[in-house]
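Peer 1: My questions all concern the structure below.
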Amino acid sequence: MGISANLFVNQKGTTTALKQPKEIGYYSRNQTEEYLVSDDINLRYYYLPDQEIEHGIDLSAGASKFRDVAKDFKDRCSLKGLLDTLMEYEKKKNKKSNVDIITFRGIMSKLIRASMEPPNFNKVDLRIVSYDGQLFIKDVSDYNAATNESNSSGVNSRQQAGTSRQQIDTYTGYKFEGIATLDKPLPYVEREVIEKRPRKILNNGDEYITVVRTGVGECKVVLGAEIDCIFDFKEEGKDNLKHYTELKCSSQISTTNDVRRFEKKMFRAWLQCFLVGVPRVIYGFRDDQYMLKTVEEFSTEEIPVIIKANNPTLGQSCLDAIKWYGLFTDWLLKIIPREQSGNIRAYRLVYENNHLRLSEIEEQDGEYSRYVLEDGILTPEFKEWRESLRVPSEETPKAD
């Protein structure tokens, strides 16, 4: 019988030791589902002068023309770009990276938030494969259940019922990114391009993803994370985490309830940025008519202080999140065997009621072939690369 285990989310961890995030690579994904390693073609640059806001920016403009290309992707949660980037990094060093877990920031964020959000609000439906001494984790949630972490819930402009208010609320996030960024540094952009930003048709297919090595406690992690833009400039050939920025859009704050809702949004934004070392969040605030009214910048490291000053209970959640991060990663590493071999074992990890439930996918299971024998998570190229590192030699290189 396969492995099965539960982790109750009310447990409290003690680990607060964190590893400094370090960028080890990046890639771009385009509208045709291509993954371009070490290509920053989809990296954006922040530029939104005050006078543009004063002239009035309608964040709902163009919602009916939004191109929801991600819904047609063959595998929109694919690890291919992440694995290809990790493989390129390892080839430069000619050795396997010394890490325990490889996944996306959004998945790690979901798992952390499971300790403070119910499963109907935070759907966790993951598949894990244990291979070559490491765990590779993929989100297999339905498209409509995607969280706002990845900005991939989409706005389907093709629905016959038209564009709902909820869809427009989602769209304003894309719109804010569209009007606040450029595809090149400002000196290389023509004035005409800047002026046409409000009329640009947007899509959810183009992304720029950083690949970061980080960790908590004894667990070493590689995370892929979508980056909204560069705040100032990019340093070629260097770690650019300090230059990256998260962009968010929210309704204006008028009531006490608005304050509480925004504090929860800030916590999630902090968690996103904290996990991969993004140092700032820029919020655009809209009124009830979706007009952009103000823009405010927050330092990631100051957000817990801001939250705690207004809401001590929620402020404690930042520290609790780190402790839970350490607890559940340690649990995964202890429960799931990690053989230093080419053997693959697959598992389900779901969030039910008050616990995370892990169960092994056995040979008679309908998903076994996809995740163990085929490329449901691991690509043939990545497995071939790792197999090449196991070819006997006079001296086996140490892991990075």
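Every residue gets a Cβ built from N, Cα and C, even glycine.
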Peer 1: Hey, Swiss-Prot has substrate bound by K248, Q272. Any idea which of E218, E226, E235, E301 it lists too?
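Peer 2: That substrate site, as Swiss-Prot gives it, pairs K248, Q272 with E226.
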Peer 1: Would you identify which residue of E177, E296, E297, E302 Swiss-Prot lists as part of the divalent metal cation site it also attributes to D228, E246, L247?
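Peer 2: Of E177, E296, E297, E302, E177 joins D228, E246, L247 in the divalent metal cation site that Swiss-Prot records.
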Peer 1: Roughly how many Å lie between the Cα atoms of E177 (divalent metal cation binding site) and E226 (substrate binding site), rounded to a whole value?
Peer 2: 13
Peer 1: Write down the Cα-Cα distance for D228 (divalent metal cation binding site) and K248 (substrate binding site), rounded and given in Å.
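Peer 2: Checking the Cα atoms of K248 (substrate binding site) and D228 (divalent metal cation binding site) gives a distance of 9 Å.
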Peer 1: Which one is closest to Q272 (substrate binding site) in space, judged by CA to CA distance, out of the binding-site residues D228, E246, L247?
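Peer 2: Closest by Cα distance to Q272 (substrate binding site) among the binding-site residues D228, E246, L247: E246.
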Peer 1: Using an 8 Å cut-off from the Cβ centroid of E177, D228, E246, L247, can you name the remaining same-chain residues around the divalent metal cation site, in sequence order?
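Peer 2: For the divalent metal cation site the neighbour list reads F176, A180, T181, I227, C229, T245, K248, I282.
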Peer 1: Tell me the Cβ contacts of E246 (divalent metal cation binding site) under 8 Å, same chain only and six or more apart in sequence, or just say none.
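Peer 2: Within the chain, E246 (divalent metal cation binding site) has Cβ neighbours under 8 Å at D228, A269, Q272, C273, V278, R280, V281, I282.
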Peer 1: Quick one: among the binding-site residues E177, E226, D228, which has the most Cβ atoms sitting within 10 Å of its own Cβ?
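Peer 2: Compared across E177, E226, D228, the most Cβ atoms within 10 Å surround D228.
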Peer 1: Identify, in sequence order, the residues in the chain of L247 (divalent metal cation binding site) that are 6 or more apart from it along the sequence and have a CB within less than 8 Å of its CB; answer 'none' if there are none.
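Peer 2: When sequence neighbours closer than 6 are ignored, L247 (divalent metal cation binding site) has Y46, G173, F176, E177, A180, T181, D228, C229, V281, I282, G284 within Cβ distance under 8 Å.
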